[in-house]
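Look at Swiss-Prot and you will find 1-20 tagged as region 'Disordered'. Swiss-Prot lists 39-59, 61-81, 110-130, 133-153, 160-180, 186-206, 229-249, 252-272, 276-296 with the feature transmembrane segment.
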Amino acid sequence: MSADMAAQSESGEGGDDGRADGGLGDRLVYLAVLSRPRFWLYLAGPVVVGVAAAASALADLFGLEPVALFAYFLVPANVFLYGVNDVFDADVDEANPKKDDREARWRGDPVNTVVVAASGLLGVGLFAVAPRVAWPWLAAHFFLAVEYSAPPFRFKTTPLLDSVSNGLYVLPGVAAYAAVSGSNPPMLAVAGAWLWTMGMHTFSAIPDIEPDREAGIRTTATALGERRTYWYCAATWVLAAVAFAAVDLRLGALLAAYPVVVLGIVAAGVDVDRAYWWYPVINTVVGMLITLGALWRLVNG
């Protein structure tokens, strides 16, 4: 599945107005591209980390709660999150170059709207599966997933709140930890993860600075400008590393990679449109190392 295929469909090859559907295969390709496959692990990855950190026995890794949470946050949650985003950003995205190749512009037909809404409603089933200690974290995730893009709050259009609200990405992992362990994770770990998402979100908004300014949208990145946004990201990632180091020095050392990388990007003059696509790989590697460390502890004590 490629963004090129979705782009072909949008350009009119699937229908006369560029928005008509060329069939089931075309629609599935479009929905897959809309869900940002490169970023699927941004929601599902924290679930894996949370489950591994909370497990006290190998059987805990494969219970109903962790499997259901991982399955939902791998694909349906991404269809919902990015679908809501694209619905309310349709006008802005007309001028966004990211939508030309790697992402898809919103097709406003009823079937796609129903699929996005159904993906959100599917998440309600998690409340029947997860214990009550996980409910507040799940509720917070769904609230932020909607209100980040949708009125009345539309956090993404308010500097700083757009950054802070992206804690929604770690909340599935917090919910998973709570579901498996029956208690909440260390709050310093939650704070560190939240700061990490603030940096990630604001870094990812750098390529959107000009399209957002042209559309009159104010974000942390548009308020700061490209250069100062790099420093903002570095600062949030340093604080994230400090918070994680207070939980475990090894975690702090891993998170220290983020400010080092962003400072390297600035020093080397790497184009942000190129560096933007490095972070899914970096996040996957860091998340994998944290998970493997937790599994090592689980197996070896």
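Using the three backbone atoms N, Cα and C, a Cβ is placed for every residue, glycine included.
Within its own chain, the transmembrane segment (110-130) has Cβ neighbours under 8 Å at 21, 27, 30-31, 34, 64-65, 68-69, 72, 76-77, 79-80, 83-84, 87, 138, 142, 145-146, 175, 178-179, counting only residues six or more beyond its boundaries. Count of Cβ pairs under 8 Å against the transmembrane segment (276-296): among 39-59, 61-81, 160-180, 229-249, the largest is for 39-59. For the transmembrane segment (186-206), the most Cβ-contacting stretch among 39-59, 61-81, 160-180, 229-249 is 229-249 (pairs under 8 Å).
Long-range Cβ contacts of the transmembrane segment (39-59) within its own chain (Cβ-Cβ under 8 Å, at least 6 residues beyond either end) map to 66, 69-70, 73-75, 77-78, 81, 169-181, 185, 193, 200, 280, 283-284, 287, 290-291, 294-295, 298-299.
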